[in-house]
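Now, the feature entries from Swiss-Prot:
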type	residues	note
SIGNAL	1-33	signal peptide
DISULFID	Cys34-Cys68	disulfide bond
DISULFID	Cys42-Cys56	disulfide bond
DISULFID	Cys57-Cys92	disulfide bond
DISULFID	Cys66-Cys99	disulfide bond
Amino acid sequence: MTMKMKMKMSVVCAVVVVALFLIDVGPVAEAVTCNPTELSSCVPAITGGSKPSSTCCSKLKVQEPCLCNYIKNPSLKQYVNSPGAKKVLSNCGVTYPNC
């Protein structure tokens, strides 16, 4: 086998390996639209200390990637950092972000 042929085989093998990794990646994550009003169902639990509804928890889980943006927003920071919000996050099984 010539050197040129070995080089071509190496390139083909590398392409096949990369293709196998790409095939196994799975579905691409959908982008989340960050909209704090989606969390309005959580307000009674945050402000009143009641148990969060299943709607609240499901919305929190969808909006979880947005929490750091909410914390960085001066208008929303006080609500997301409140003890009530932290309790709701915990009750819903959503980890408080470390931004």
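Cβ from N, Cα, C; glycine included.
On a Cα basis, Cys99 (disulfide bond) lies 19 Å away from Cys92 (disulfide bond).
For the pair Cys68 (disulfide bond) and Cys57 (disulfide bond), the Cα-Cα distance reads 17 Å.
Among the disulfide-bonded residues listed here, namely Cys34, Cys56, Cys57, Cys34 has its C-alpha nearest to that of Cys66 (disulfide bond).
Neighbours of Cys66 (disulfide bond), defined as other CB atoms within 10 A of its CB across all chains, total 21.
Inclusion criterion for the disulfide-bonded residues Cys34, Cys57, Cys99: a C-alpha placed within 10 angstroms of the C-alpha of Cys42 (disulfide bond); this criterion is met by Cys57. Of the recorded residues, Cys34 (disulfide bond) and Cys56 (disulfide bond) place their C-alpha atoms 15 Å from one another. Classification of Cys92 (disulfide bond) by DSSP places it in coil, neither helical nor stranded. Of all the disulfide-bonded residues listed here (Cys57, Cys68, Cys92, Cys99), it is Cys99 whose C-beta has the fewest other C-beta atoms within 10 angstroms. Proximity of Cys56 (disulfide bond) to non-local residues of its own chain (separation of 6 or more, Cβ distance below 8 Å) is seen for Leu39, Ser41, Cys42, Ala45, Val88, Cys92, given in sequence order. Neighbour density for Cys34 (disulfide bond): within 10 A of its CB lie 14 other CB atoms from the protein chains shown.
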